[in-house]
């Protein structure tokens, strides 16, 4: 049951991991998972929520691993950025098939494939009810897609960054390794840093903290969780300035 008649957020930045798209597969994109995510995003659009999306690329390529094997880190990160573009194109296609207008913007120019990232264009598209998928990370090596999510969230003045994960939120310990780990409902930025909780990498997290961008971590694999988060229901873990 929905507690609020209208959404708690007007504009969100949804961060999806590349791994989330692979479903039970070990690699690539599971079409069923992609279509389910597109349907969940469609629900938000129909509620009048403006949706920006950042997708990782870990299902297709991980630059850090090859860097350890000797590949130049910059080259590896460039390849990772291209992986996020591939995921973005797949998501746009799934949204179009669900009759949702969507646009892919890339932080690196890819003429004929997708649009270049432009802040003013992105704001206009969001206001017109289109989903904007921000791909290629920040366009710079050494920055994660979590950093890109926080950066784009701040730029588009989103109400919140929603980090979709495979667990129900932020726990006292790894819930997979420790079944007794407890879920936090709310945390402050300071508590996350003091407790050394792994929400996202430090560069991304401090960017959000410095700009007072709230972060909510939730389980995208739980049907309806995204809608419940946006409707302001108790779901996942909220991180902001005053827990």
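Using the three backbone atoms N, Cα and C, a Cβ is placed for every residue, glycine included.
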For the UMP site that Swiss-Prot assigns to 77, 138, 139, 140, 141, 142, 143, 144, 145, which of the candidates 57, 65, 88 is also assigned?
57
What range among 11-16, 17-22, 23-28 does Swiss-Prot record as region 'Involved in allosteric activation by GTP'?
23-28
Env. residues of UMP site, Cβ within 8 Å of mean position of 57, 77, 138, 139, 140, 141, 142, 143, 144, 145 Cβ:
80, 81, 137, 147, 148
Alpha-carbon spacing, residue 17 (ATP binding site) to residue 140 (UMP binding site), which is rounded to whole Å:
18
I need the nearest neighbour of residue 138 (UMP binding site) among the binding-site residues 15, 58, 174, using C-alpha distances.
15
Including all protein chains shown, what's the count of other C-beta atoms within 10 A of the C-beta of residue 57 (UMP binding site)?
27
